[in-house]
């Protein structure tokens, strides 16, 4: 998976929220084989040396930190947050999310488009959380976003891909990577996303809130690989009736 | 997965029909990491040394051969077929299938019960292809079958699990391994079966009729492992609304 | 819908359990436009004149009473129950159900087949509750059952049709009426059953346990009619992409 | 259903495209019991007296004509089209659709918002075709649209509601009527929309391209009524396991 000119072997991006502690978070990243972690700029502790710091657990030299704008509800808020992040940590590759309300945590696509435009003009490489609306996804790509990240279902819902048709339409038209960003609940959800042709999957709650997060992280690593391979392999056609595995004609 | 007292690391059983040739079949078994292959007794060549023989490609010392009764439509037919197989190859662990019609290739459960009873009395270890009817599955287990193998969908259809409720009911009540046996089409189908709590999956067409069977075999290996890990990890609960990955309360 | 030589305009059969009282039950039958009600022989009061009696609320001269064997777990039990019913009420058209366990209330198909055979030999007209296994459904039809009644989902679950493929397969092969018998939860479930080509639907809990049973009975009446009409009308084909309602070529 | 201050008994709006001829269209409207028909302003013949005219078949005094902007791809185009319609026919209640591309016929929500704002400022009552994005739906309502009309699936696809969660979210938040506008394929699709709590359904292809459009129109009429009644009646809860219709405790 190549994003903003940099190639990753892993197609699984994981989050850094909701874990028991930073050690568990780091172990999950390791088990998931993730090469990118996303970090809520507003939430992560980067300045108070008395509190535990993520960078002591997940080495930014080995794992790409992808700052995100979780908690931002306007374009201005999101742009300001990412400028602060760039000043503090030099991060240029970012994940933009501008939320529309607290019940759904769906993106406000108007604000998202405005923020994306401002950030790209400002030199950021923008991966963008968006609805599964193909028309909006195209506008974001035309603005210059380097990855399109449609939601599968509400953030943290674990419901899996609600509208595979829209995800497929977005993939068919996109020339940049498409990653499913929210709503994955278990391994098969991730496999389905990849079988549709996604370039990758981003998840947080599905791992962090599994009973055994480390084991689920391993499951997700394998599921993403399985789904990718199945997509590349080209699945058998679906058939309405049965078709014997062992044709016996003329044998007995 | 322990079947009839023997433990296997792999939970994926693959078939030996529909491949381009025996070499491709062997390569798919290898890529799938399968430790059991199922072989249609009526179809496979075990006696004519001029024709290619499966045992020259897949080593029976390394991979368990599981003879099956594909093409049998009565209990008598199935019992006779497996007795011949035992005489010829010494096989005692067998997969029973007694078909009900050619359109669905669904099992005839009356004949299946009769055949299972006769085979078990005759000392066979019987893994049994059955419908997803939990009441019938229980009867088969009570007769002494060593593994219950309900269908996901018609053989060769690739439609995936049609009735997850029934598969779950069968698993909840079973004390022997439960393997989904027919109808898997792609990697996520296999993952879903394992996430329901199945002990394993048997498939043939999904691999053999993929555009790239070897790559699909690898996908299936990973999908079965992913689904098993996700089942063991204990998935997050599904939620009706969103739940933020990055709670921000009191942070800014 | 013609069953056992008698023609009904209504395709909706309703039950007589779980209602607040017999008056509500009668009102629901009226609202549903049902011409057949099914009655659990073991449960209904037909002999104690001090208790309220169903016949005082639903006139057996206007509505066909269909005695059923709810609560029977063996063929003998079911046969005995229906013989008593025939002696008591002269009922010859009956609904056979022989249950397999209390958790699923799925039929035991072995016992069901035995009971059906005995009852048909004994001159009953047998409508039969069964799994959605097409092979078993065919055996029941070959024994002489006058209607095949596969379950949509567990009795009282309200989950709707779990395996439309199996219902379709049963319909394709049947020469007698096919009615979905259990598991319908709301109006669209009934419509879907009819759109698959069912001849009718039997339900109890979906009406009796709705917040407003009478209104739900009306909903079900309309849904069954809607589904039947849609089946006869022949639905549009599904398309992968959009197709404009208002082609504009050359108009502007 | 009350839209823009006017109350309709029917909750089914039908289109005027794709029919064999205007007589069939009129018969379908009649069979559907529709009180509103939607008309593509760019397509309908309102000026050439030598060609057949819709108003000769469907009486605008009895049936509300709802002009729509099918074929418009920009806000300007849509606004201009509806102004012409108002000048020609005095129509003030309109259906706005601004399309994003020809493959999906999904709305361009940016252009749709712009057009809605301009039309409302201009005194139109605007019913608006939109994606199923609840955040965008809310913006349209806040602009003053008098009905929100999210798509179920691509126009003319007949795929039914792809994302019931989004439709439900839109309904929960809306204070104006919500009507599903595109993608319905058969009767149960319409019933499902109504069971989710929609105020109405608009369809064209599902009726016009059924093998028997008139019969399908009748089916849709009943399905919409059935779904509405089921919604008002309050469906039974779904249960994981069976629940007997005929409790027998202590009776035998």
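All positions are counted from 1 along the displayed chain.
For all residues, glycine too, the Cβ spot is worked out from N, Cα and C.
Unlike curated records, TrEMBL annotations are generated automatically.
Model, not experiment: these values are computed from the prediction.
Site annotation (TrEMBL): 1-deoxy-D-xylulose 5-phosphate is bound by C:182, C:183, C:204, C:205, and the candidate from C:156, C:227, C:234 recorded at this site is C:156. In this view, residue C:204 (1-deoxy-D-xylulose 5-phosphate binding site) is surrounded by 28 other Cβ atoms within 10 Å of its Cβ, with every protein chain counted. Mapped onto three states, the DSSP output places residue C:95 (active site, schiff-base intermediate with DXP) in strand. For the 1-deoxy-D-xylulose 5-phosphate site listed in the record, the two most distant Cα atoms among C:156, C:182, C:183, C:204, C:205 lie 9 Å apart. The two recorded residues, residue C:205 (1-deoxy-D-xylulose 5-phosphate binding site) and residue C:95 (active site, schiff-base intermediate with DXP), have Cα atoms 17 Å apart. For residue C:183 (1-deoxy-D-xylulose 5-phosphate binding site), the same-chain residues that are 6 or more apart in sequence and have a Cβ closer than 8 Å to its Cβ are C:151, C:152, C:153, C:154, C:155, C:157, C:158, C:159, C:160, C:161, C:162, C:189. Annotation for residue C:156 (1-deoxy-D-xylulose 5-phosphate binding site): spatial neighbours C:105, C:182, C:204, C:205, criterion Cβ-Cβ under 8 Å with sequence separation of six or more. Using a 10 Å Cβ-Cβ cutoff, residue C:95 (active site, schiff-base intermediate with DXP) registers 25 neighbours. When the binding-site residues C:182, C:205 are compared by the number of other CB atoms within 10 angstroms of each CB, C:205 has the fewest.
Less than 8 angstroms from a Cβ of chain D: among the recorded positions C:95, C:156, C:183, C:204, that describes C:156, C:204.
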